[in-house]
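TrEMBL has this to say about the protein:
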type	residues	note
BINDING	H45, H93, D179, H183	Mn(2+) binding site
DOMAIN	22-100	domain 'Manganese/iron superoxide dismutase N-terminal'
DOMAIN	109-212	domain 'Manganese/iron superoxide dismutase C-terminal'
Amino acid sequence: MIRSLSRPVARALQKRAMSGASLPALPYAYDALEPTISSTIMEIHHTKHHQTYVTNLNAALEKAEAASKSGDASALIALAPAIKFNGGGHINHTLFWENLCPASESSPPTGALAAAIEADFGSFDAMKSQMSAQTVAVQGSGWGWLGYNPSSGSLEIATCSNQDPLAATTGLVPIVGIDVWEHAYYLDYKNVRPDYVGAIWDVIDWKCAERRFEAAK
């Protein structure tokens, strides 16, 4: 029956058969990103929002596994949106936590990633300006991404709505992601998304981005 499912759902079911999704521990304390992101937002975002995606994903995958065993194609189709939304939420937030770090540890990229940014955007500052503009312009909730295109061998900026994951949606490999759901910034920045997006560059972990870029190539 799994053969008849879409590839993302089939892969999710196979992974679920091995182990359920779990909330990853943060590689820093909740207050480590202050004043850019407050400890209150970090704790709520991680323990409430991300945990909800994990809980709902596991529940949906359990139901999908049962529906697959019983051959209930209608139930599988009905569960696909929940798997996409909550699975995307889990994927996106896991990547997001990893690509943040205390401001004292954030420094511009070097080596191959720096060279690629300069080649594809003209300069590091030009890339940040373009990505900020496109991320701020996301309608409603979503994400802004710097991604690597395996087909062209170049870096691209893309945005995704809601919790749509970058790789599954666009084929780009995530290098840096910025969450622009209001729960990611509202307590600190109210409705002024441009201020949040402008400030978050201070806590981007470019060493993580470099590792992702090298792995993507």
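Note that Cβ sites are derived from N, Cα and C of the backbone, with glycine treated the same way.
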Tertiary neighbours of D179 (Mn(2+) binding site) (same chain, Cβ under 8 Å, six or more apart): N92, H93, F96, W143
Candidate with the highest Cβ count within 10 Å, taken from the binding-site residues H45, H93, H183: H93
Beyond the site residues H45, H93, D179, H183: chain residues whose C-beta lies within 8 Å of the centroid, for Mn(2+): H46, H49, H50, F96, W181, A184
